[in-house]
Structure formats: C-alpha cells, structure tokens
Amino acid sequence: MTELKNDRYLRALLRQPVDVTPVWMMRQAGRYLPEYKATRAQAGDFMSLCKNAELACEVTLQPLRRYPLDAAILFSDILTVPDAMELGLYFEAGEGPRFTAPVTCKADVDKLPIPDPEDELGYVMNAVRTIRRELKGEVPLIGFSGSPWTLATYMVEGGSSKAFTVIKKMMYADPQALHLLLDKLAKSVTLYLNAQIKAGAQSVMIFDTWGGVLTGRDYQHFSLYYMHKIVDGLLRENDGRRVPVTLFTKGGGQWLEAMAETGCDALGLDWTTDIADARRRVGHKVALQGNMDPSMLYAPPARIEDEVATILSGFGQGEGHVFNLGHGIHQDVPPEHAGVFVEAVHRLSAQYHN
C-alpha cells in the first residue's frame, strides 16, 4: 500500500506526539455539502449511493477537497449489517430507515444469517478498496460499524425510535432473545470490521448511538459487553501498522472508565462531557475524540474559534486528542463554517504540542 503522508490522526489515537491536533468531522461527507447533494441525486437514493463504490468514493473524498482534514471516513451506513441479514431495509420520506420484517422473538433471531462481508457486504469492501486507491496515501481511512445494541434497536423497533419501548420490552420480558440477537450481531460486526481492515481501513470506529438510553447496569450487560467482545476479536495490526479502535457511546460520558477497560485505543465524547474531566478520568489509558457541539457551527466564525480554543485548553498539553464534533454535522450548516472550524483547530492547537 502507498506510504501515508499524514498520519497525525493515527498517531493521536495511539497517544503519540503530533505537531498539531488532528481533526475530522462525523458525517463530514453529507448533506451540508452541495456537491454531496448532486452526487446523491445522481445515485437515485441513499442506499444506491452506498452500494456504488465509485460514487461512495466520490462523496468520501468531497470534504477532503474543501478542508485540510486529517482523516477520511468511509461513506456508508450503520444499517448495512442488518440490511444484509435480510430484514428488508427501506427509507421512508421524513421517517428515516424502516424494516419490513423486524425482529420480534427468539424464532426471528434464529433465522437471521451472519452475513459474509465479502459477499452480501462486498459493496462496502469494494468502496473501501476504491477509496484507499484514490486517497493516494494523503490521509488515513476510517472504517466503522454500529454497535450491536444500536443495530438491535433498529431491528427490533422496526426503524428509528424515540422511546425505545419495543426493544426495552424485549430486554426486560425476554432477555434471552435479545442476548442471542446481540451475540449474533457482535459476531457479524467483528467479521465486518475485520474485512474492512483487510480491504484497507486504517482505523475503525464503533458507533453506539443509542447506548445512552440505558441504565448503567443495562449498558454494561446489553451494550458494552458486546462491544468488548468485538474489540477482543478485531485485527489490531495490518499492513505493518497498528489499527486503532475508537468506541463512541452517545450519552455515555458517565461510563468512560468502563469503556476504557475494553482494550480500545480511544473514546469518542459527545458535547455533554467536559473534556478536561474526561482526560483526568481516562486520559492515562485511552485517547479522546471530540467534542464540540455540532450546533456551534451555526455560530459566527469568531464564536466557533472561541469554542475550539476552549476545548483545546480543556484537553491541555500533550498527545491523545483527536478534535471532532460531539456528533454528526447538521445538514444545514454553512460549509464555510466547517472550514473555519477545521482551520481553527490546526492553527490554535500547535501551542499544545511541543
């Protein structure tokens, strides 16, 4: 593979020295960019965009042409794995993702296949290989998956949810069925991420978007336990380099110590966690990624720069920080405000790296 020209992001995840704090944005390839909207229109619909390696590569690279980002992230969706489990994924206008055949009981779980990542999910691996080729070693490529718990919420609820009553009913009334589902998902995600790594992903991230809706005890048993299983099963070296793993639980700031015990390299923080406090608690063990409120990008440029300065100061001197938003960038953010954010991180962070 091509020599990596900018490895700041990988070095920061491994708590190694860097010249400036690396930065990327969750959902950096997305609807806030007019060029993304044009490519999506060309594809026809969202999943067609995900399943076309050339177009998925194009939208992955679009933000890198605008901004000096330190990493690219595979353009895909967390629901590719449930989709490959034959649940009939479709997207309802204004409703988000839906499944025609949600999981309702143990018998449904027993019928679910574990997808072959180079077969049913081969389009994702083709996208990874295409993106790696087109990146030409400029920056590393991040692969990702949803966490078992987060994927299960969509599969059991039949789509997006606000109250999560259907999956919580299963969790409390039929925990055995839910554990079987989560175990099958953990195996599927491990295979899926390892295939992404073999195809060229240089770091991987597990998005536990809905872990924060659980009690502390349920989080341990139904979310973190299965992410730990995945981390244990991942390839941690490929192409002569360590492959760092980041865990991100939205709303999980109270569980950082337990998350840091999984063997991951870094933890993603949402904007509700104080980064100085997080570093005091787990900075000796893991790197931290985050954590500006994505809505801050609506503010005037000077206010965005102030917030970047505050977060950099909160983390303080030394290595182990990847700057990011605390969740995905909003679709109506002015693209030039994202540019202000990225430039400010690089310019203002040099003083923290000697």
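Cβ coordinates come from backbone N, Cα and C, glycine included.
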(message) Need one residue: from Thr190, Thr209, Thr215, Thr273, the one Swiss-Prot lists with Arg27, Gln28, Ala29, Gly30, Arg31, Asp77, Tyr154, His327 for substrate.
(response) Thr209
(message) Of the residues named as substrate binders, Arg27, Gln28, Ala29, Gly30, Arg31, Asp77, Tyr154, Thr209, His327, how far apart in Å are the Cα atoms of the most distant pair?
(response) 23
(message) List every residue in the same chain as Arg31 (substrate binding site), at least 6 positions away in sequence, whose Cβ is under 8 Å from its Cβ.
(response) Lys37, Arg40, Gln331
(request) Enumerate same-chain residues with a sequence separation of six or more from Ala29 (substrate binding site) and a Cβ-Cβ distance below 8 A; give 'none' if the list is empty. (result) Tyr36, Val59, Thr60, Gln62, Pro63, Ile73, Phe75
(request) Report, in whole Å, the straight Cα-to-Cα distance of Asp77 (site 'Transition state stabilizer') from Arg27 (substrate binding site). (result) 10
(request) Would you mind reading off the Cα separation of His327 (substrate binding site) from Asp77 (site 'Transition state stabilizer'), to the nearest angstrom? (result) 15
(message) Return only the integer: C-alpha distance in Å from Tyr154 (substrate binding site) to Asp77 (site 'Transition state stabilizer').
(response) 13
(request) Rank the binding-site residues Arg27, His327 by the number of other Cβ atoms within 10 Å of each Cβ and report the first-ranked residue. (result) His327
